[in-house]
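Taken from TrEMBL, the feature compositional bias 'Basic and acidic residues' applies to 687-703. Per TrEMBL, the feature domain 'Lipase maturation factor 1/2 N-terminal' maps to 123-283. The domain 'Lipase maturation factor 1/2 C-terminal' feature in TrEMBL is assigned to 443-585. The feature region 'Disordered' is assigned by TrEMBL to 658-715. The annotation transmembrane segment is assigned in TrEMBL to 12-30, 77-95, 102-123, 129-146, 158-176, 214-234, 241-258, 307-332, 352-376, 388-416.
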Amino acid sequence: MGTLTCPRHMFLWGLSAVFLFAFASLYVQIPGLYGNEGILPARYQMRFTGKTLLELLRDSPTLLWLGPRLGLNTQQGMELICLLGVLLSFGAMVMNPLRDSLVFFCLWALYLSVYQVGQVFLYFQWDSLLLEVGFLTVLVAPLNLLRQTPSRHHDAITFWLIRWLLFRLMFASGVVKLTSRCPTWWGLTALTYHYETQCIPTPLAWYAHQLPVWFQKLSVVATFIIEIPAPFLLFSPIRSLRLGAFYLQVLLQILIILTGNYNFFNLLTIILCFSLLDDDHINFWLGYRKKMKYHQGGQWAWSQAALSWTAFLIALTVYVFVAYWATVYFGLEINWEKKSLSSKTEFTYYQFNGFLKTVIASSIWLGLLSLFWEVVTTMLRCASVQGIFWKLLSIAQWAIFASAAATMFAISLVPYTYIEYESSSSIWPSVRKAYGTVERYQLVNSYGLFRRMTGVGGRPEVVIEGSMDKNSWTEIEFMYKPGNLSSPPPFVAPHQPRLDWQMWFAALGPHSRSPWFYSLVHRLLQGKRDVIALIQLEESRYPFGKQPPAFIRAHLYKYWFTEPNEDGSHPQQWWRRQFVEEFFPAVYLGDPVLDSLLSQHGLKDKVQMRERPETLVPRVLRLIREHVRTLSGPLVLWSLFSTAVAICLVKGLFSMPPRDSKCEPSPTEPKSRKTEDTAPPGAQGDKLQKDSESPHRPAEGDGGKNSQRSPRKQK
C-alpha cells in the first residue's frame, strides 16, 4: 500500500461523525428509556455497596459512579456523558487537532459508560462494534502532544487492525447464515422476506420487495460472495484486488442503507472499508493522475510495466475463479426464453461445515502472515530513518504498536472462532484467559448479522391498544415502526428509535421473553410523558394525551407489503395485516397480574431517593433538556451533522490549497528526515532527480515552498 495520510483522515473524521450520531441519538431517548420514570430506570443498575471507587470501576467500568460526587443522579449522569460525547465528536469533526488518540479514548470510555447500564436497549451488535472500533482508533489516531514526530510508519500496522476487524465482521456475517441452517438462506429465498420483515424498512424496501424471485435469489448469491470469499481479498498483496473488495463491501452497505434503517451500523462499516485505500487512489478520485517513472533516455520502466501486467492477470484470474465457484456451487443457469436466471445451493451443510473448519484455520494463518508482513516492512522503514534520535523514536513507536497489534490479534481469535466449535476449542488457554480479562471492556467481540430470517409466514407486529371503558379500543400508533396500514415506512437512520426496535424483537416470541414490556404498559397507564415521547412526539397524534388510558392490551398481527395495482401504480396502502392472537391481556393500573409481573422482574417502582439541592450542572442539564424535548431524533442528528459539515466547508474554502496540490501529510506529521536536509552529500544529485519525478511534490515554478528555497537551504 502507498501512504495512508488521506485514508486515515477520512477514517477519523467519519468515526467522529458516527460517535456524534450514536451519542445524540441516545441522548434524546434517555428520559423515556432510562430516566427515573422511564421503562428501565438506569439507577437500578447502580448498586452502591460500600466498595471503593476503584472496586466499583473494576466490577462495572462506567463513569456514572462519579455522578453522586457531582450532585447528579443516574439519569443526569447519562445525559452529561452523552452531551460530552456529542461535544467531543462534534469538535473532532470540525477541528483536526481534536482527532487525537486521547479524544477517541474519551469517546470510547464515555460510550462504554452508558453501555454498561444500557441493558436490553443497548445490547446490539453495532453498539459492540462501535466500542471495538473506538478502542482501535486510539491506536490509529495521532497523539498530537508529540507534534515533532517525524513520521508515522506504524500507520500500516494500526490500519491492519481495522482491516482484520472488517474481515471478521463480514466473514462471520456470511458464515452464520449457513451454519444456522436457516431454510431461507439455504434455499436462496431470504430476500423475498427480508425487505418486509426487517425492523424498520424504508419506502424503497417496498419497491425492492416487488422484484422478481429469480433476482432476489441472485441477490442472495451475491451477498454470499461479498461476505464469504470477498473478505479474503482484504489481505491480498495485489492492490487492485483490495480495491475491488472495497467497492464490493461499500456497494452492499449502500444497498442496505437504501432499503433498511440500521442506524449508524452501515456507515460504520463503510468507514472500516477506508482501511483498504491509500493516498494514490484518493488522489485518483480527486482527478490527479500518478506520473509514470522513466529510465534515462525516455524508456518505460519495463519492470514496473511487467509487474503491473502480472498483477492485472492475477486479479483477473481471481475474479474468474470466484465467478466459476459461484456458478458451480450455486447452480447458476440463464434461461434465455424467460429472461431469468435460476439458482440453487449445490452443496450440503456437512460439506460446508468441513469447508469451514479448513477455512477458519487458513484465515488465522493468513491474518498472522499478513500482520507479520506489515510488522517487518514497518520495521525496515523505521530502521532507514536518518538521525539517531529519530531512528530510536521510530523504532520505539514500532515496538509499541507492533506489540499492541499482536495482542489485539491474539485475543480477537477467541470471539472470531465462535463460528466453528473445533477451531474455538483449540485456542490456547492463556489467550482465552487474556480475553476473559478484557471482555467487560468490549475490546473485541463476536459478530454475525441476519443469522436467521424471521417473519417467513408474515411479519409479526405487536399493536398496543388503550381504552377508557374496556369496550371501545383505540390503537396507539408508533412514530417509526409499522402500525397504520396507510403510513409509509420512514427514513430514520442514522437515528435508532430503540423502543421501536425492541417492539420488533418482542413480536418474535411471547411477552414473557420481553419483561421490559410490562414496564412499558405500566408507564403508559401512568401517563408518563417521557415514555409517551418515545412513541409519539406530537401530542395530537397520541390518542390519550389529555388523560391516560384506564386499560391497555396488546394484540399480535401479521403484516405484509401490499402488491402493486394492475396498472403498475402504487396502491393506497403500504401494508395489509391479519389478526393472529392476543399478545398481552387487558390490564389496569394496580392490576394484581401486572403488579406481580413487575415485582417478579424487579421493575416495581422503588422509593425515590431524596432530591438534593439543584447545583449548576443539573440546572444546565435541565435547561438543555427543555430545549431538546420537542425535537425529534432525526432532526437533532441531522442538524448537528449539517452544522459540522458547513463549518468544515467554510474552513476548507478559506484554507483551500493550490489547484494542483495533492494529498500530503498534515503539518503535525512532517515527512521523514531522510528526504530533508540530512541526506548524504553524495546523494544530492539523486535526491534532486527524485524530487522532480515525485507525484507528490510541486513542480518547479508552481509557487510551492521548494521553489522559494535558496540553494544553501536545499543543500
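Here the Cβ of each residue, glycine as well, is placed from N, Cα and C on the backbone.
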Stretch-level contact, the transmembrane segment (307-332) and the transmembrane segment (129-146), CB cutoff 8 A, at least 3 pairs: no
Stretch in 12-30, 102-123, 158-176, 241-258, 388-416 most in contact with the transmembrane segment (77-95), if contact is a CB pair under 8 A: 12-30
The domain 'Lipase maturation factor 1/2 N-terminal' (123-283) [mean pLDDT, rounded to integer]: 92
Residues in the domain 'Lipase maturation factor 1/2 C-terminal' (443-585) grouped by DSSP into helix, strand and remaining coil: 33 helix, 33 strand, 77 coil
